[in-house]
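S.K.: Got a structure for you, questions after.
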C-alpha cells in the first residue's frame, strides 16, 4: 500500500488517534500534523506514564522520528513553547526533531479574545469551541490578513502588519462585543520573544517530505479532531474550522495526494461527542453513564464531559466515503466489557419515513433522524490488555465482524487499553 500512511478520526474526535500514531511510528521516519491547532488533545500512555499533546505530533516520543507541523495547522506560539518545555523537562530533545512550515498561521491573543467573546455572546446557541482562538485564526487566514510564522523573519514588517490587523479586531471587541481590547504593545513584545525560536525551526516542508518519499522513508500524517467535525463535511455549524479529512493532508502539508497510501480510520467501539451538535445514538441512561465513567470520557483539551452513545455505522459509512478508508482501528473495546447487550445503529429513519444508509450533511437534517438499532449480545469476560484475537471472547469477535459487515471496511487494529502495547494488530498499515 506504500510508505505514506494517514491516521485520522472517523467520528467526532477523541477516538484515540494519539496512541495509535505513537504505536505505529516505531517504523516511521516522519510524523506530520496537517490541520487543527492546540484544540486537539492526543493522550499517550507509555509504560504507565501519561503524556498529553495538543500541538506537537505524537511521534515526538520516538527517537527515530522527525515531527513536522504543516501549513494547515494554526500555531499558537504560547501553547507550543509550553508544550516544548514540558517535554524538554522530561529529557525529550524536542528542538532536534520538531520542524515548522513558515506558512503556518499564528494564533495570537486577540484570536483567543474574539473566540471567547463570540461564544459568550451566543449564549445557549454556543458552538462549544475550546475558546483557544482556532476559528478566528483560520478566518484571518482565509481573509488574507493573518500573520504567519514566516512573517517573524522581518519584525519591522511584522509590527506594521500586526498594528493593522489588531485595529480591525479591537474595533470588534470594543464596539460589538463590549469587552476590553487587546494591547498591541503586549502582543508585539510577546512576538519578539519567540521569533528567534520559531524561525530557527522553519523548513521547506513540501521539499522535505518529497525528498523523504523519494528515499523511501515511511511518513505518517496525523489528523486531529474527526471527520464529522470537518468544516465542509461535518455537522455544520457544529464543526471545527479545518478540513479534518484525508483531503486535508495535501492542502495542509504540500504533500502530493497521489502518493498517499493506507488511510487508517480510527473509531471507538462506541461514539462520543464534546460540546453542542447532533448525536443520533446518544444515550441518556445508566449505560451512557457507564460508558463515560469506564471510558474516562473527559476532554484532554478542555476537561469537558463527553456525551456517549452507541456505535453509528451510518455516520461511519459517510466517513468511509469521504476519506477512502483502507482499514479501521477500533479503540476502547474494553469499555464495552460487562454490558449484557450492545447496540449498533444500522440506519436512520428520515422524517418522510425513508431509510438512510449514510448520514445527512447538515446539522438540521441530523437532528431530525431516528436511529435504527440492531442489538447484539455483550460479554462478561475482560478484553482489557488483550494482545491477540485468541484472547477475545467470541461475542466480542462477533461484534467486530458485524462492524466490518456494516461498513464494508476491515478492522485491522484493535485497541484494548491505553498503553501502546495493549493492542492487537491484524494488519500493519506500513506493511499492507
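Sequential numbering from 1, following the chain as shown.
Yeah, the Cβs are placed from backbone N, Cα and C, and that goes for glycine too.
Since we're looking at a predicted model, the values are computed, not measured.
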S.K.: Looking at Swiss-Prot, which one out of 129, 130, 206, 326 binds IMP in the same site as 14, 15, 16, 17, 39, 40, 41, 42, 144, 225, 240, 304?
M.R.: 130
S.K.: Validating a neighbour-count step here. Other CB atoms within 10 A of the CB of residue 39 (IMP binding site): how many?
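M.R.: The answer is 29.
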S.K.: Return the residues near residue 19 (GTP binding site), defined as same-chain residues 6+ apart in sequence whose C-beta is under 8 angstroms from its C-beta, sorted by sequence, else 'none'.
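M.R.: Spatial neighbours, sequence-distant, of residue 19 (GTP binding site): 42, 43, 44, 45, 58, 331, 415, 418, 420.
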S.K.: How far apart, in Å, are the two Cα atoms that lie farthest from each other among 14, 15, 16, 17, 39, 40, 41, 42, 130, 144, 225, 240, 304, the residues recorded as binding IMP?
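M.R.: Of all Cα pairs among the recorded IMP binders, the widest measures 34 Å.
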S.K.: Of these binding-site residues, 13, 16, 41, 303, which scores lowest on Cβ atoms within 10 Å?
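M.R.: Each of the binding-site residues 13, 16, 41, 303 was scored by Cβ atoms within 10 Å; lowest is 303.
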S.K.: Where residue 333 (GTP binding site) and residue 14 (IMP binding site) are concerned, what is their Cα separation in Å, rounded?
M.R.: 14
S.K.: What residue among the binding-site residues 43, 225, 416 has the most other CB atoms lying within 10 A of its CB?
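M.R.: Answer by Cβ density within 10 Å: 225.
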S.K.: Please list, in sequence order, the residues in the chain of residue 304 (IMP binding site) that are at least six apart in sequence and whose C-beta is under 8 Å away from its C-beta.
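M.R.: Once residues fewer than 6 apart are set aside, residue 304 (IMP binding site) is near 274, 275, 298.
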